[in-house]
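Notes follow once the structure below has been shown.
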Amino acid sequence: MTKEVVGDKRSFSGKDYQDPPPEPLFDATELGKWSFYRALIAEFIATLLFLYVTIMTVIGYKSQTDPALNPDQCTGVGVLGIAWAFGGMIFILVYCTAGISGGHINPAVTFGLLLARKVTLVRAVMYMVAQCLGAICGVALVKAFQSAYFTRYGGGANGLSDGYSIGTGVAAEIIGTFVLVYTVFSATDPKRSARDSHVPVLAPLPIGFAVFIVHLATIPITGTGINPARSLGAAIIYNKDKAWDHHWIFWVGPFAGAAIAAFYHQFVLRAGAIKALGSFRSQPHV
């Protein structure tokens, strides 16, 4: 999800390693490059496919476990199957798009990387737009193919489950997104990539597995958002009051979790704050 580090692995030394320079906040030259628009297309298509497969899985599970249609409710894929669908699709799509767009597929991931200066503001905003549009189109395809079941079973929209407070829902989204974005930073750390040649290849695996684990933990609470595009796409296409109740949770929670993960990785684990402070003190001041 970040630029690949190329170098001679045999001569690598922790003392010799230097972090790649941070991306500028604004870089208008990106708008004139085909690679930028190719990355936007990749994010759009990846998010579309992600929502299509996962929401179709959710709708299929609910139809299989509907007592009116299937008295034997053990025929569904269950929560485990839904979690595998979400985690598996992230693994596949990150693997396919990492070399083109970085494989974000999630506005919260993009936001975390923006705070860490891994992407420019222009790219981050355009990625989020592409992701949200892709999510809307993906859910629209599900509704087109499963129109009767889609409305009947809630359109795969996120919502706060009965018995849980708003605070619990927000906390679940913050912690779940923290786990995901923290995993993204760790799996794509350029220093680890320079030291261990297998790390870039295996990065999609822990990222997908993090999504899988978080879904197991939070599906009973919020249906698991941790991806504002996923929540927005389902809410817009389903478009019932229930889908919009507490919808803000699925934006505030993921963005807060991503911000905390970015701060923790950059300024605690990587000691970025200490380096920045040392650099500031070493500069002459007038």
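Cβ coordinates come from backbone N, Cα and C, glycine included.
Swiss-Prot lists 1-18 with the feature compositional bias 'Basic and acidic residues'.
Under the heading N-acetylmethionine, Swiss-Prot lists Met1, citing similarity to another entry as support.
Per Swiss-Prot, the feature N6,N6-dimethyllysine maps to Lys3; the stated evidence is similarity to another entry.
What Swiss-Prot records for Ser279 (among others) is phosphoserine, and it gives similarity to another entry as the kind of evidence.
According to Swiss-Prot, the feature phosphoserine maps to Ser282 (among others), an assignment based on similarity to another entry.
For 1-23, the entry in Swiss-Prot reads region 'Disordered'.
Annotation comment: Swiss-Prot describes 1-38 (among others) as topological domain 'Cytoplasmic'.
Averaged over the topological domain 'Extracellular' (60-75), the predicted model has a pLDDT of 73. Among the features that Swiss-Prot reports, topological domain 'Extracellular' is placed at 60-75 (among others), with the record citing sequence analysis.
Per Swiss-Prot, topological domain 'Cytoplasmic' is recorded for 97-124 (among others).
Residue counts for the topological domain 'Extracellular' (146-165) under DSSP, split into helix (H, G, I), strand (E, B) and coil, are 9 helix, 0 strand, 11 coil. The topological domain 'Extracellular' annotation in Swiss-Prot covers 146-165 (among others), and the record cites sequence analysis as its basis.
According to Swiss-Prot, the feature topological domain 'Cytoplasmic' maps to 187-200 (among others).
Away from its own ends, the topological domain 'Extracellular' (222-248) comes close to residues 47, 50-51, 54-55, 86, 105-108, 128, 131-132, 134-140, 142-143, 150-151, 154-161, 164, 166, 169, 172-173, 176-177, 180, 211, 214-215, 254-255, 257 of its chain (Cβ-Cβ under 8 Å, at least six residues beyond either end). Residues or ranges marked as topological domain 'Extracellular' by Swiss-Prot on the basis of sequence analysis: 222-248 (among others).
According to Swiss-Prot, the feature topological domain 'Cytoplasmic' maps to 270-286 (among others).
The feature transmembrane segment is assigned by Swiss-Prot to 39-59 (among others), with sequence analysis given as support.
What Swiss-Prot lists as transmembrane segment is 76-96 (among others).
Annotation comment: Swiss-Prot describes 125-145 (among others) as transmembrane segment. Beyond the transmembrane segment (125-145), the same-chain residues lying 6 or more positions past its ends with a Cβ under 8 Å from any Cβ of the stretch are 36, 39-41, 43-52, 55-56, 59, 101, 104-107, 110-111, 119, 151, 155-156, 228-230, 232-234, 236-238.
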**Asked** When DSSP states are grouped into helix, strand and coil, how many residues of the topological domain 'Cytoplasmic' (97-124) land in each?
**Response** 14 helix, 0 strand, 14 coil
**Complete:** Beyond a gap of at least 6 residues from its ends, the CB atoms lying under 8 Å from the transmembrane segment (201-221) belong to 1, 79-80, 82-84, 86-92, 94-95, 98, 103, 160-161, 164, 168-169, 172-173, 176, 179-180, 183-184, 186-188
